[in-house]
Each structure stands twice: as structure tokens, then as C-alpha cells.
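Worksheet: the structure to be examined is printed underneath.
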Amino acid sequence: MLLPSFPVTGVATALLLRNAVHASQPGSSVQKARAYDRFSSRPTRDHAPRVQSSNTSTYRFWNDKTKPHLVESLPDVHFDLGEMYSGSINITSHRNESRSLFYIFQPKIGEPSDDLTIYLNGGPGCSSEQAFFQENGRFTWQPGTYAPVINQYSWVNLTNMLWVDQPVGTGYSVGTPTATNEAEVAADFLEFFSKFQDLYGIKNFRIFVSGESYAGRYVPYISSAMLDKNDTTHFNLSGKPAHPLHHLAPTNAVCTGALLYDACIGQWDWVQAELPAYPFVQQHASLFNFNETFMTSLATTYEECGYQAYFDEYFTFPASGIQPPKYMNYSECDIYNAIYNEAFSPNPCFNPYRVIDECPLLWDVLGFPTDLAYEPAPTTYFNRADVKRALHAPQNIEWELCSTDPVLVGGDGVSGPEQVGDDSPNPTEGSLPRVIEATNRVLIANGDWDYLIITNGTLLAIQNMTWHGQLGFAAAPATPIDIRMPDLQWAGVFDAQEGYGDLDGPQGVMGVQHYERGLMWAETFQAGHKQAQDQGRVSYRHLQWLLGEVDSL
């Protein structure tokens, strides 16, 4: 997540918003068996690296055209990658300058699938290699760990996966940024996606669009542009609801849809950050550990600047009415940045993406795991020449996790609702309702440890959105998300320690869900800005719902 619109002070805060977005005996064999029975599609549990055949004759998408894109191995990844492709695809040039978007494509493991799930990171300008390498790809290399390992909760266990560096100016993409709005971003993406499908011979697939953080703007606009094409051969996002409008309910029919994590969907700086900031600190008081004097000043600011009254009036179920527009207040009422700056006093390693974190900063192969860069450090993984060669990436690109230059250039990169050069209206004002109404299968989820995009702020944005003729949710979310899948990622660690072998059981209640009129809401416990990284089992369930494999979370 990037969104560098807040004025902040000091070296540490200069990087603000850079990367951007129970059973009674859970270890018993009976409980494990029951949990396994609940999942018809689940990761395969093994403790040694899984190895797929390197014989390309078994690869579904390998042909003479895709052969140059095949990834045979990656540095420091000491197991067979299976079928995997990456590279650049050209899009329309601008002023005689070539432009291209970079992608990584991992086909589904096991039984073939005609589902294709796109995943986009946010920023604007943050590379989707982040999600590929640390969130939902086939393997993962987490901060502070020695080497990459198989990701037991990888989304490639369920669907073909496509990660894309976009818009132009992001990651390994090539060209000078020209987009001033989401329509232009979507046009470039659809051109890329059409060429990608032609390259791999993909037709008549169900398409799912997902992403996190600022991709809360990308995903609805790209999805809406796909719907505009009215072309189910290449852009089958609309699906066919199995129920009449007045009986809408989740269904495993042919519906497709979209998934948004910790997403910028409303007026982010005010509704999803500034307004809910103080209640967030109250909820997590022991983590922030502010002194009594500072907490008293926050309470005074929250009331005197009108935040309390606004929140009380509009954070209601059902919605009390259309919320009047508000914008970031940089005066003495700037409560969000006051909290952000003060947080570094009790916790010098404060991480707004995951407020549970403390010092030391863990070395991250992607460069920095928080707002603070880790220095000195080795070359970032995706900036290594050998990694670029393996991925068929441009050698002359200086890869950055999040671009330091604008990738959206409206008003010289500072116009639009979020002041980042994106002139399009907020998704809640049109594109997001349109996708919900067309698919009846959209999931919006927020992690409870995320200070960048706060859970109740996202809910407040939903309460200001009209879809299927009604404003917001009629009832407050209250249904628990009970994860019965046993632990798969760390089971080997438990099993290797005497006396710990039965502790890798189901998680139990890991969040709250609510479904109305085609929209599923999920609050995820013990997760920050990157839910798939923090809570792989919960994220896996989210994807199962999106694909229609389960009716609830």
C-alpha cells in the first residue's frame, strides 16, 4: 500500500503508507478426521518438499509459444517448481515508447481446472510478486526465515493463478506511466489479459479478480470493464445466478466474482483511516501502550473534531442514510497521524500493516517488512540478476516492492480522491455495486491488526454503498468463521518435537462473516494488512467460497 498523501514528520514516518495493503480436544484424531471430511478440496499434507514431474509433456499450458516463458527453476528455491511461467506481454505503445506488463502464472496443482484467478497488489505501484512470494503462491519465503518452503495453503491448490505487475511503472512492467484514471488502467489490463489468454490457449474459463489494498480500486474497475465486454469466452465474470433476485444466496452454480482484502473502496483517508483510528487504538490499547495523557488527548480530539458524532450517526445497521462527504483533516484534528507518530515511542518497530509486530525488524527478501527499510541488507530478491534471468524479467529494470515514482499521473500524480493521480470516483460510488449486482459473489475482508485500512472503516464504507436497491447491510455482522481445517503449514514442526504432535488441530473461530444481496463480508482475527500471509487457512476458506466450493465461511 502506498497512498503517500498524509504529511508526516521524521525519518521513520517519511515512509508512511509506503506499501501501499473450538473443539474440546482439537488435537484428537477424531477431531482431525472430522475436519478433513469438511474439506473436499484441501492442500495435501506432507512434511518433505513436494516434487512435481519436470517432464513438460505433462504440462497443460506448455507449447511452442509458451516455451520461452517456462520457469525451470528459481535461485534459492531448492525443489521442483512444477508448471510455472512468467514474462512480459506488450501492450499498446505510447508516443513510440514500448510498454509491457509482467506476469507470473502458476497452473492449478492436481486435477485441471477451467478457473483462472487474478491477484493484484495495491500501492498504487506495488508489485504482485509480493503476493506470489509471501501470500498465496505455491511456495513462500517469509521475513526472518532461512529459505522458501511449500505453501500448504497456496491458492494454486484450488485454481489457476495469475499475478500481474500493473499499472505501467509497477514492478517489472516497462514504460512511462500515462494512466490518469481507473478506466485507462483497466483498458491496459484487458489488452494484456486478452493477449495472455491467446498465448496460453485459454478460452471459456471462469474468471475471478482479486487483490488487496489499493487494488480495492483496481479490482472493481477491471471487473466492470470485463462485464462491459459481454464476452464470456474471454471475460466470463458475470456468471448465472441460480436464484431470483429476491432470494439471493451464495451458490455453487456457475457464478464468478471478486475478492478484496483490506481494500481501498471508499474515501480511504477519512472513512477507512482517520475516522476509525481512535476506536482502533482503544480496541488494541495494550498493543499501542500509550500513556494516559496521550490517550486523554486522543479522546478529546475524537469528540471535539466531530469524529464521535459522525461515527455514532452512520455506523449503524441498517444504514441511517447517505454519509456526507468528508476529507482528510491536516489540522490539529489529524488524529490518524498523531497516533502513527506516537506509536514509534513505545515501539520503535511499529508496523501499521500489522500492529502486533515489535522489534527487531526481520530481514525480508523483498526489502522491507514494515514502513521501515531494513539496512544494511543484501540485494532484494527480485532485483538479483539471476532471479531476473530465471523469470524472463527485464534486466534493466530496478525492481522495487513499491514504486517511488507515481504510476498514476492525473494532476501530476496528486489529483483524485486519494491524491495519488487517480481521478476515478471511489468504487463504492459505482463500479463495486455493479460487480456485486452482476456476480452476486463478491467478498470483502479486513484484518483486525491492520491500522492502514481499519476494519470498522471498511464496514462504514459499505454502509455508504447502495447495491441491489438498498443502502448498506441491514444487519450487523455476527456469524462466526469457524476454521476446522487442521494445521498443515507447521505440522512438521509440531511432529518433530516430542509431546507436541497433537497440537496441530483446527483453529476454531477466526473471524466474523455476514452475507447480504451478493456481498460477503469477513472480519479476520489475528491478521494484518496481508491476510493470506497472516492467516493462510482463513484465506484458503475465502477462496473456496469465491469459487463456489462452500456456501459460507
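Cβ coordinates are placed from backbone N, Cα and C, and glycine is handled just like the others.
Feature annotation from Swiss-Prot assigns active site to S213, D450, H529. Annotated compositional bias 'Basic and acidic residues' per Swiss-Prot: 34-49, in sequence order. Among the features that Swiss-Prot reports, N-linked glycosylation site is placed at N55, N90, N96, N157, N230, N236, N291, N329, N456, N464, with the record citing sequence analysis. As annotated by Swiss-Prot, region 'Disordered' applies to 27-55, 412-432. What Swiss-Prot records for 1-23 is signal peptide.
Ranked by CA distance from H529 (active site), the recorded positions N55, N96, S213, N230, N291 have S213 at the top as the closest.
Ranked by Cα separation from D450 (active site), the recorded positions S213, N230, N236, N329, N464 are led by S213. Taking H, G and I as helix, E and B as strand and the rest as coil, DSSP gives the region 'Disordered' (412-432) the counts 7 helix, 0 strand, 14 coil. Neighbours of S213 (active site), defined as other CB atoms within 10 A of its CB across all chains, total 32. Neighbour count (other Cβ atoms within 10 Å of the Cβ, all protein chains): 20 for N157 (N-linked glycosylation site). Put plainly, the glycosylation sites N96, N456 were compared by Cβ crowding within 10 Å, and the winner is N456. Ranked by Cα separation from N329 (N-linked glycosylation site), the recorded positions N90, N157, S213, N230, N456 are led by N456. Most Cβ neighbours within 10 Å among the recorded positions N90, N291, N329, N464, H529: this distinction goes to H529. Here the CA atom of N230 (N-linked glycosylation site) lies 8 Å from the CA atom of N236 (N-linked glycosylation site). Cβ neighbour count within 10 Å across all protein chains ranks N236 highest among the glycosylation sites N55, N230, N236. For the recorded site, N456 (N-linked glycosylation site), the DSSP three-state label reads helix. Of the candidate glycosylation sites, N90, N96, N157, N291, N464, the one lying closest to N230 (N-linked glycosylation site) when CA atoms are compared is N90.
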